[in-house]
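Listed in Swiss-Prot for this protein:
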DISULFID  33-68  disulfide bond
DISULFID  37-57  disulfide bond
DISULFID  43-66  disulfide bond
DISULFID  47-67  disulfide bond
SIGNAL    1-29  signal peptide
């Protein structure tokens, strides 16, 4: 019985470590687009208010999406 408890504890701890390794790479904030630049008066200020370091309008032909980055 004691051996079963130790084995189950080992499995739980191993699962937690593996889960942490998978999740830790995704914790860093990725660039996020928050809306169109037409709707936001100042893209950079809107991003800073949301906790990002800066923001800029991006797009292929016309920069019309406000995207924030850390």
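Cβ atoms here come from the backbone N, Cα and C positions, even for glycine.
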- Measure from the Cα of residue 57 (disulfide bond) to the Cα of every one of the disulfide-bonded residues 47, 66, 68, then give the nearest. 66
- Note on the structure: By Cα geometry, the one of the disulfide-bonded residues (37, 43, 47) nearest residue 68 (disulfide bond) is 47
- Item | Least buried by Cβ count (within 10 Å) of the disulfide-bonded residues 43, 47, 57, 67, 68 | 57
- Cα-Cα, residue 66 (disulfide bond) versus residue 33 (disulfide bond), nearest Å, comes out at 6
- Using C-alpha positions only, work out which of the disulfide-bonded residues 43, 47, 67 is nearest to residue 33 (disulfide bond). 67
